[in-house]
Amino acid sequence: MNILIFGPNGSGKGTQGDLIKQKYNLAHIESGAIFREHIGGGTELGKKAKAYIDRGDLVPDEITIPMVLETLKTKGQHGWLLDGFPRNMVQAEKLWEALQKEGMRLDYVVEILLPRETAKNRIMGRRLCKNNNNHPNNIFIEAIKPNGDVCRVCGGTLSSRSDDQDETAINKRHDIYYNTTDGTLAAAYFFKKLADQGKTKYIELNGEGSIESIKETLLSKLA
């Protein structure tokens with residue numbers, strides 16, 4: 001099973017992705033980790049990407065797409081969940097074209113819907129566990145409120161990202177995601193149109209529910 005997941009920062013996308021990964025034994029592939037592994041591993045694509053990053057430039061899709069595909073092929077042989085890519089319409093079109101060329105299917109596209117203001121509040125209350133960033137801890141959500149500075153799941157030490165407390169940084173991230181013209185939501189809607197054509201399946205989830213209720217709804221639709 002191959003899945004692409006969309007959702008704004010604060011939607012619980014990482015948490016749901018982690019649950020799906022465990023349920024179906026999928027490779028949970030996050031875009032940031034792809035760059036870190038290729039650059040850290042000194043691959044040819046990683047070296048090219050690093051040259052752009054060191055100059056303060058965006059890595060072009062001609063490098064990013066092959067890196068994503070290579071990771072999907074090597075780590076996702078038994079199924080994958082791709083998280084954090086594509087981020088815009090152009091990348092969505094290029095990714096779909098590349099998947100078709102490689103003969104790789106895309107079984108499901110999942111979108112977690114959440115109002116922008118709710119997403120921002122969740123981000124500012126988010127606390128990260130040193131053992132697993134996807135363990136749900138949020139000081140503003142009673143159901144997953146941590147016990148002080150201790151993870152409610154494993155007891156690990158909690159911390160917060162500096163940019164999670166920066167409203168300007170959050171707004172910039174959300175400006176990209178909620179842009180329906182050429183941003184991340186435009187990319188999601190590209191796949192929604194493909195689903196209308198029977199080329200994949202598109203699942204929309206209400207992100208305002210509890211973690212458990214969202215998980216149950218998602219698993220019932222994936223079954």
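Just so you know, glycine gets a Cβ as well, placed from its N, Cα and C.
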Which listed span Swiss-Prot calls region 'NMP', if the choices are 30-59, 180-209: 30-59
For the ATP site that Swiss-Prot describes with GLY10, SER11, GLY12, LYS13, GLY14, THR15, GLY209, which of these is also annotated: ARG126, ARG127? ARG126
In sequence order, what residues of the same chain, 6+ apart, have a Cβ less than 8 Å from the Cβ of VAL59 (AMP binding site)? PHE35, ALA49, TYR52, ILE53
For GLY14 (ATP binding site) and SER31 (AMP binding site), the CA-to-CA distance in whole Å is 12
Counting by DSSP, what is the helix, strand and coil composition of the region 'NMP' (30-59)? 21 helix, 1 strand, 8 coil
Of all the Cα pairs drawn from GLY10, SER11, GLY12, LYS13, GLY14, THR15, ARG126, GLY209, the residues the record ties to ATP, which distance is largest, in Å? 16
